[in-house]
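Report on the following structure.
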Number of protein chains: 2
Amino acid sequence: MTKVSPLAPAAFPSLPVVGGVRFATAKAGVKYKDRTDVMLAELAEGSVIAGTFTRSSTRSANVLDCEAKNGRPATGRAAILVNSGNSNAFTGRAGVEAVETLAAAVQTVTGIDRHRVFTSSTGVIGEPLPHDRIAAKLGELAQKLSVTGAEEAARAIMTTDTFPKGASTTIIVDGHPVTIMGIAKGSGMIAPDMGTMLVYLFTDARIAHGPLQATLRELTDRTFNAITVDSDTSTSDTLLMAATGASGVDVTRSAAFTKALHGVMLDLAKQVVRDGEGATKFVEVNVTGAADDADARKVAMSIANSPLVKTAIAGEDANWGRIVMAVGKSGARADRDRLSIRFGEIEVARDGWRAPDYSEEDASAYMKRQELEIGVDLGLGSGRSTVWTCDLTHGYIDINADYRS
Amino acid sequence: MTKVSPLAPAAFPSLPVVGGVRFATAKAGVKYKDRTDVMLAELAEGSVIAGTFTRSSTRSANVLDCEAKNGRPATGRAAILVNSGNSNAFTGRAGVEAVETLAAAVQTVTGIDRHRVFTSSTGVIGEPLPHDRIAAKLGELAQKLSVTGAEEAARAIMTTDTFPKGASTTIIVDGHPVTIMGIAKGSGMIAPDMGTMLVYLFTDARIAHGPLQATLRELTDRTFNAITVDSDTSTSDTLLMAATGASGVDVTRSAAFTKALHGVMLDLAKQVVRDGEGATKFVEVNVTGAADDADARKVAMSIANSPLVKTAIAGEDANWGRIVMAVGKSGARADRDRLSIRFGEIEVARDGWRAPDYSEEDASAYMKRQELEIGVDLGLGSGRSTVWTCDLTHGYIDINADYRS
């Protein structure tokens, strides 16, 4: 049994019911034994579904199918069906058939139009998906649908995750409450430039597909696309959001809604990092003073993905020279002699040289914390970027040198 | 004491004397105790020096100085002075002064024009270089210069290396023998897009700076720029080549010379991978059928740098799904349904799907080898690329979570 990440939240949050959303889970035995590995979410009539997806050129049949269905008219109910244990990626025509078979089976059992059935699969790549085992559980799933099943759903979609991930918030828009709730999975093969992992967001707000999709795209860049565990990008990353409209509150132009949604997405994204394979440290990288935001992001990601930076953090070594290295290799415009680096409030380097009052003792003490901030100022312009990552430890090797067996 | 890499050659090669080149080493105590950490190479009058260097934007004072000196007129003798234990990178004005002070000290002791003194430093980043300790050894070094000191020189420039690296060849050009010999160091912070590591090549051939520099640049792309250990690019990577002309043989238009030099450079580059930090497997990645060579290189490097691919190799897991993932994230043009993958001669995937006669047993048996080949054909065009890497093991974490202490 894998130990729960030391960075895990104390407890799974109490998730609110979202009007128009019901969940069910089952043990289909896709790969794992004696644990839930399938979840079905049913979404009320008229629910608007939007999503962001991995940009991998080898993305899975499920992702391609979700992309094709994204933006179709929001008539009738909808469903999201997810299995863990097998990603149905790189499974050729058999993978496409598995997705179509499952969507049709959901329609048969629940009456939901198969063009409104979104599926995700997560787990090993390249093995045929035993979709019959999942289809055999659809009757049970349809019967068990419950408005309080979100936590169980979060558990059913886990693979190497050591804890389920959920977040929610309720805000008041035009005097009425609107709820946003989400679940996510992800622990390894986590890197930017994608929709990311499996993330499902639900709200009872009313909003059309166009503005919802635009909001998701923008917020994904500042949340799920701003985290990295190991620089490896999944073939299956999917974020789907369902707006059921059950609250009757239109949020199309609500800045409060966008802010609240950003909060839930960032919470989930950080939970994914906190469950990074083998992670013992949670690290925020803040880059300022870049020529532009794109350069700042290059530097931040170069630091966050550097094996040498990440192993130094694991070893609690204030090895800021490796941060200099990561800035240098990033490809961003940088002037060594304007570069400043800090660990939290501790200035370690200024203007291309060790800070005059740098104390190795203070820096070493800081590195013993579980949550760290690395700050880099390039001294060139006003470009900035924040990304989140974790350290690289023996635990990562343990997990990934023996994942399939 | 670090154990020697299991991928190390059985013995250090017997290196030939190169006319016009003499070496000496000393224990200066820059950082290490009781081992040689400084080497001086003296190059005969008229020796032509060319080089390639890291493109990092935070490259060291030594690299900037070498770049400035590269291509100056080849009059009088020349020298290369290298220390291990401190990289003199990110040391601001003090770093520049250290380089100038050392070059001037070499001139004082040996009479070699300081503009013909090339220096390199390798080791920890951001610490002031104790250049006085090196300068104090110059008299001893000048006295000890010997034509047979190449192996000792290779040892003196090691940092986390577990074995010294040398290679040589002798060819016949126009009926006369010409010798090429080189030494290198490198084990971690090894990644492409640079000159790479510390590499010193020597030949008694006669060739002008222009053609030598052009040849080096081209061959570097196919050798040192085609290896990766951990995707991290050093601030100090330097390759210098000295052509003393002592053989009297002009090789300016000699294809045999270029081919021989390529062989020596590739030998040294592979030795660097064989000493990759924590490495237990040597891996060649061959990508064919890409839209162009640049795309092939993107895919090859994406595979060779993927932590998930490298940990699977460490675990002897034939996890080819992770190769699919690495192709997908590479940014190169790829069509999932034309993609084929093989381990050595074992075809594992064809046309976007597991190969019809794929045998997990055969693939698993193959993965137990110490030397592996991963072949990927994209099925799109004639672009190809070969890169070399190693696996990612607990040894890498051990070495890098505790390098400075």
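Cβ atoms here come from the backbone N, Cα and C positions, even for glycine.
Bear in mind that the values here come from a model prediction, so they are computed numbers and not experimental data.
Features reported for this protein in TrEMBL:
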| type | residues | note |
| --- | --- | --- |
| ACT_SITE | A:THR196 | active site, nucleophile |
| BINDING | A:THR159, A:LYS185, A:THR196, A:GLU277, A:ASN400, A:SER405 | substrate binding site |
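In this entry, A:ASN400 stand out among the binding-site residues A:THR159, A:LYS185, A:GLU277, A:ASN400 as having a C-beta under 8 A from a C-beta of chain B. If you draw a 10 Å sphere around the CB of A:ASN400 (substrate binding site), it holds 28 other CB atoms from the protein chains shown. Summary for the binding-site residues A:THR159, A:GLU277: the Cβ-based neighbour count within 10 Å is maximal at A:GLU277.
Using a 10 Å Cβ-Cβ cutoff, A:LYS185 (substrate binding site) registers 26 neighbours.
Secondary structure at A:LYS185 (substrate binding site), as computed by DSSP, is strand. A:THR159 (substrate binding site) falls outside any helix or strand according to DSSP and counts as coil.
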